Amino acid sequence: MQNITQSWFVQGMIKATTDAWLKGWDERNGGNLTLRLDDADIALYHDNFHPQPRYIPLSQPMPLLANTPFIVTGSGKFFRNVQLDPAANLGVVKVDSDGAGYHILWGLTNEAVPTSELPAHFLSHCERIKATNGKDRVIMHCHATNLIALTYVLENDTAVFTRQLWEGSTECLVVFPDGVGILPWMVPGTDEIGQATAQEMQKHSLVLWPFHGVFGSGPTLDEAFGLIDTAEKSAQVLVKVYSMGGMKQTISREELIALGKRFGVTPLASALAL
């Protein structure tokens, strides 16, 4: 029998959650991570599945995700413990044929359930599937320290925040030319914040929740993690710069335009115009 804990997707989730914990982005049970799979990914592991998979209805139907498997982190689970007991902290779920709910095929032992942010994840997956023609498969939410800090001191405006991050590190415009979407503060774990996040995910692969954290999307676990890591590094630089009295020189608009041309990306126009 093939052991699902040795599969590429379980091992990938272990690495991503462990790395995020070590970064300091996921204290206690903070953060959540979902990866969209294909049936072929789980085909070898049916012997590992629960004999009677639990069914959980969704608060709103997701027909675009019908019959789609995911691996997800659990509600109330600590990222630091995923590596110690993957089956207790992760779960493979599969959305049913009409998108009204899902079965827990593997993991989430002892009656555990997926992350409370699953509505936000699933709604964001739907939008990123449409925005990237199915390329994006990962939604990651974490409490990246310096990005959160900046939401207290910068105007919480997409163009302003994006431009500052682009200026904080040269690679940022290349990595996220589509900029950073920003929500107003909202209660987490609700359909409302999920819908608002998904709306921003139509236009941006990064979405900030002020005073809380960040959502990132990407085609692989490495890409989604790297996207957040890049933005967080720029935020760390900016926190240091602001604490030293602010910028005396920075990357100019003309230089940002040249950077976009060199790497074949189209920068977010509203951020470039500032």
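Placement of Cβ uses the backbone N, Cα and C atoms for every residue, glycine included.
Keep in mind that this is a model prediction, so the values were computed, not measured.
As written in Swiss-Prot, here are the features:
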type: ACT_SITE; residues: E117; note: active site
type: BINDING; residues: H141, H143, H212; note: Zn(2+) binding site
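Between the CA atoms of H141 (Zn(2+) binding site) and E117 (active site) there is a gap of 9 Å.
Secondary structure at H141 (Zn(2+) binding site), taken from DSSP and collapsed to helix, strand or coil, is strand. Counted over every protein chain shown, other Cβ atoms within 10 Å are most numerous around H141 among the binding-site residues H141, H212. When the recorded positions E117, H143 are compared by the number of other C-beta atoms lying within 10 angstroms of their own C-beta, H143 comes out lowest. Cα spacing between H143 (Zn(2+) binding site) and the residue listed as 'active site': 14 Å, rounded to the nearest whole number.
Between the alpha carbons (Cα) of E117 (active site) and H212 (Zn(2+) binding site) lies a span of roughly 13 Å.
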